[in-house]
């Protein structure tokens, strides 16, 4: 460990102790060496005893900086692990940091371009349009055609800082997991690994550009979502250039009302967009918080969304999609047995899970939800409560489902903020039923056959050989089983013969001993003992030498 990393480790420990985060661990889970370590930092005391645990954690992450802020934001979406109070506190964390020097930004951009900025751009604005923990955004115009663009560039040395903090997080999570026990539902090491995957994806701007291009192509003819154009010739690992857009932040309801936006249509389109991305395209924007979503200013009566920041995207397997759709339909049909079966069939929980107990646990959680009208039931909270219940039955964390749950909660919150009367079930049910019918119907079967056709065409020439090999293998297996059976029967015959001789010898020896003790004729007693001894020797020599068959 370098001096620099040791200094950072001390800073983290200092912050943790001054915010009393160690006090949140139950005393029974603190072994003697943990208490000794805590005592060795006796001068660092809890300065925030008046604050609740969730607030202390939020403030500590805020003080530790950008990597921990983003980690806190990610944790706020893990409501299957945290209580609602803690999750809401962490959701308040803001990824806002002071901009870095524009001269450094220029140098970073020119290093990626391999030329001065003025070679390709005019009107480069040294004052950043926005600044976050990972990157910074500047505006300019393309020299070739005068189009307005934004340049997004990574912060200097951000990769080194992120990886150093991730290493500390991983080590801390391993210690915490040891204290809590590996069976604890929090599974800190698993959570940190999930975060590592997310944030490392954000460090590659080229990947973000490719994601944006794919999402843009998926909705190129859509009147519901617009993704800004990426200029691929200027997209690199540490720099991307995209079309500049103008819109109203989706969280600014007053501005949307002022321009006469059809909020009901906008809210319904948000739900439709989510299900289209998940079920039609299997490629969904997984970071749809209000800062990344804008609304068009043109045609407010027929509004569309503008999506930014495609660094975090989610995908599901075909199996996951089918189970998810069936889950929602089973929930609204109150078929809790089917929900439990789906979790087991999908492999999300172990096959040996007690189905009856699992079904009862799901029913206890879900049934009270139906005390509310259907239009007030939250899809996101349904999924969340099901995940929480499944975690009690050792559900393995599915990162793709965590992203989906987070996105669904964002979309629902957004939709109800725009239009409180939004009925998600009525909006989503036709889509889900149509998708399920398509998957199970002739068209769905034809698509699956078409998808698998190239594979089977490639394998077809090998089929006769595979059939022959399997038949030969089966024949050899039968022959080997027959040989084993013959060996087994012969060994059993030997064993029976040996046992017969040994038992007979024992009887004769006993009889000879009795005759001898009764002063009977000596030759009779000696004969019994002698024959018995001979039979014992024959029986011993005829026993099976190797009992393995």
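Just so it is clear, glycine is given a Cβ too, placed from its N, Cα and C backbone atoms.
Remember, it's a predicted structure, so these values are computed and weren't measured experimentally.
Among the candidates 143, 152, the one that Swiss-Prot lists alongside 129, 130, 131, 132, 133, 134, 135, 136, 137 as binding ATP is 152. In the structure shown, across all protein chains, 137 is the one of the binding-site residues 129, 137 with the greatest number of other Cβ atoms within 10 Å. Cβ neighbour density within 10 Å is lowest for 131 among the binding-site residues 131, 133, 135.
For the recorded site, residue 287 (active site, proton acceptor), the DSSP three-state label reads coil. Remote same-chain partners of the transmembrane segment (498-518), defined as residues 6 or more beyond its termini with a Cβ less than 8 Å from a stretch Cβ, comprise 524-536, 538-540, 542-544. Shown in sequence order, 309, 310, 311, 312, 407 are the residues of the chain, 6+ apart in sequence, with a C-beta less than 8 angstroms from the C-beta of residue 287 (active site, proton acceptor).
Same-chain residues with CB within 8 A of the center of the 129, 130, 131, 132, 133, 134, 135, 136, 137, 152 CB atoms, the ATP site residues themselves not counted, are 99, 128, 153, 155.
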